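Per TrEMBL, these features apply:
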- 5-220: domain 'Alanine racemase N-terminal' (DOMAIN)
- Lys27: N6-(pyridoxal phosphate)lysine (MOD_RES)
Amino acid sequence: MDSDLAQRIAKITSTLSPSVRSIAVSKTVSPERIRDAYAAGVRDFGENRIQEATAKQDQLQDLNDITWHFIGHLQSNKAKIALERFDWIHSVDRLKLAQTLNRFIEKGCPSPILCLQVKLRPDPNKSGWTVSELLADLPALEQCKALNIQGLMTIAPLGLDESETRAVFRETRQLADRIRALNLPGISITELSMGMSGDYPLAVAEGATAVRLGRSVFGER
Ligand SMILES: *Cc1c(COP(=O)(O)O)cnc(C)c1O
């Protein structure tokens, strides 16, 4: 048991409202340390690479009440395994991928909770819909009837000051409000997956329902 880890987890838990889901991002973290976090009470874990994640999941099968979150760029050829292995996919970042997921679910694959990844500022290193792209794709997304779309996910660009970062989170919430107001059958946008170790208090202040914390839980990678 790692007492520093347990203390960091306790501290984060004490500062977050129980209504905000705190996801421990365990990319690059060993199964042993995931077990330690589990022993300290963590049940939500986030991974960004399918191969790494499934290898660790295989070693942690006895911890059968973990909720697994996929948060990385998902290639279409890994779409099926992502459906089979994750309870949430936060990083649905393009229509083609949504349509691929929809086809697999129609054929009987599990149907995890999905978030649409949006990009509120230009960022060549990040994928996701811009606001106008997402609004344009909504009718096609609505046709993906098997999908369980419940939220938006965003990553604030590095190097913004606090007020700029907060604006990114605020605009994400406003976009969710705007989509909700359209009352599209099958698209409910109540989850806001936003905030990482460096900026999660700002995200929570702007209405995040899920924060994705790597370094602040497990230490520097
Ligand atoms: C790595 C990662 C995180 C966690 O980042 P930290 O800065 O370690 O908290 C959150 N979200 C995504 C999409 C990530 O890839």
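Backbone N, Cα and C define each Cβ position, glycine as well.
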Listed in sequence order, residues with CB under 8 A of Lys27 (N6-(pyridoxal phosphate)lysine) and six or more positions away: Gly46, Glu47, Asn48, Arg49, Glu52, Gly72, Gly214, Arg221
Quick one: what's DSSP say for the residue listed as 'N6-(pyridoxal phosphate)lysine', helix, strand or coil? coil
